[in-house]
Amino acid sequence: MDAAYLSDWANLLLRWLHLITGVAWIGTSFYFIGLDNQLDPPKDGNPRVAGEQWSVHGGGFYHKQKYLVAPERLPEKLHWFKWEAYWTWISGFCLFVLIYWGQASTYLVDPAVLDMAPWVAVLASAALLAGGWVAYDLVCRSPLGENEATLGAIGAAALAAVAFVSCHLFGGRGAFLQVGAMTGTIMVANVAMVIIPGQRKMVEAMRRDEAPDPKYGRWGKQRSVHNTYLTLPVLFIMISPHYPMTWQSRWNWVVLLAIGLSGALVRQFFVLRQKGRNAVWLPAGAAAVVALLVWSGAPERGAGAADAPAFAEVQTIVASRCVSCHAARPTMEGFAAPPKGVVMETPQQIRRWAAAMRQQVQTEAMPPGNLTEITEEERGKLLAWVAAGAPAQ
Ligand code: HEC
């Protein structure tokens, strides 16, 4: 069995795991943020209970009470939420290494952006990954971290800077995923390095019959709130590889920033709504931003519409620029099977994929990193052929 084939399976299994653990993590995270925002003052007068909620789910009634700072005695059994987050990161990191580091010359490096050796790209990617967390954590712990509004503004500026740098180092798709991996790493590190250690200290204090220090609760809460705003932007980034019109655009770092901030606005709408406020301008603003992106990114009508070339010419271009990967048995190193099942060896096959070809060729997503060095003229010809209805002659 060859390595590329096994790598496809590793890709599938890791992605599946990443999705499952991510759903579990985000589910509990959204649930607890919502719960916190919807707590009512307790009815039974226990002074340690800060708030409570009754709810009904799955055929039963639930009565939840939040203790601030802690209950009088440590309960015998305490459920922790951490493995969902840890496994999301472990699976995501392995996937990132497998695709973006393992095949850096295809997915991370784009000579049209910056010509660098794959190992240099991998080093830069790793440094950004670690540096992002260190910088974020330092700012949160500094006096700046005490004001949520300041922190929010710094966060937005930092996202802009990271998106800019990443999109000027790597090919668009890799750049987006780099920012996503950095953000995801920050979110999981918040759990592993701040929230869980703080909770441990609180539990240990209670075991020693001491009052737990409320600052750990505050710190944990702050990071958990940050995570909630990062969730929607990260989820967009994780699905972005399917949508080259986002990361192949010339202003891709602005697109990343705009969609990321729109996601945070939408999340803010839900957080406020849970608190009983209805700030509809938030999702309206997000929709306006996205509408602006859709409008401004639209390709000019008839772009590249030279006279449609004869089909034989199309076939020659495809054979020299696409088929090394898109063949039943690819000759390109690292490909065990045709990517996405797209095979373009016979005339029928080429015509079958014409519409998909337009999207991929127009956005310059294909060939990835322009590995096969397609020319602008050839792109124009392929597009003109598709625009003319992909004729068979
Ligand atoms: C270096 C290998 C390589 C070359 C050369 C290449 N592709 Fe691809 N192609 C890929 C990979 C990898 C994917 C899957 C991308 C992904 O994971 O979303 C893909 C996916 C596609 C898809 C499916 C997109 C989707 O998401 O449904 C189309 C269509 C496509 N390529 C067309 C082309 C065309 C047209 C050319 C030539 C101009 C070309 N490719 C050249 C590697 C290549």
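Cβ coordinates come from backbone N, Cα and C, glycine included.
Any TrEMBL annotation is an automated prediction that lacks curation.
Annotation comment: TrEMBL describes 302-390 as domain 'Cytochrome c'.
Within the chain, the transmembrane segment (12-33) has long-range Cβ neighbours (under 8 A, six or more residues past its boundaries) at 81, 83-85, 87-88, 91-92, 94-95, 98, 224-225, 227-228, 231, 235, 271, 274. Annotated transmembrane segment per TrEMBL: 12-33 (among others), in sequence order.
Positions annotated as transmembrane segment by TrEMBL: 86-104 (among others).
Listed as Cβ neighbours of the transmembrane segment (116-139) (distance under 8 Å, sequence separation of 6 or more from its ends, same chain) are residues 100-101, 104-105, 108-109, 145, 151, 154, 158, 162, 165-166, 169-170, 174, 178, 181-183, 185-186, 189, 193-194. Per TrEMBL, the feature transmembrane segment maps to 116-139 (among others).
Among the features that TrEMBL reports, transmembrane segment is placed at 151-171 (among others).
The transmembrane segment annotation in TrEMBL covers 177-198 (among others). Within the chain, the transmembrane segment (177-198) has long-range Cβ neighbours (under 8 A, six or more residues past its boundaries) at 80, 82, 85-86, 88-89, 92-93, 96, 100, 107-108, 125, 128-129, 132-133, 136-137, 159, 162-163, 166, 169-170, 216-217, 219-220, 223-224, 226-227, 230-231, 233-234, 237-238, 240-241, 256.
The transmembrane segment feature in TrEMBL is assigned to 228-245 (among others).
Residues annotated as transmembrane segment in TrEMBL: 251-272 (among others).
Annotated transmembrane segment per TrEMBL: 279-298 (among others), in sequence order.
When the domain 'Cytochrome c' (302-390) is classified with DSSP, helix, strand and coil residues number 44 helix, 0 strand, 45 coil.
Within the chain carrying the transmembrane segment (228-245), a Cβ under 8 angstroms from the stretch's Cβ atoms is held by residues 26, 29-30, 33, 159, 172-173, 176-177, 179-180, 183-184, 186-187, 256, 259-261, 263-264, 266-268, 271, 297, 359-360, 363-365, all 6 or more beyond its ends.
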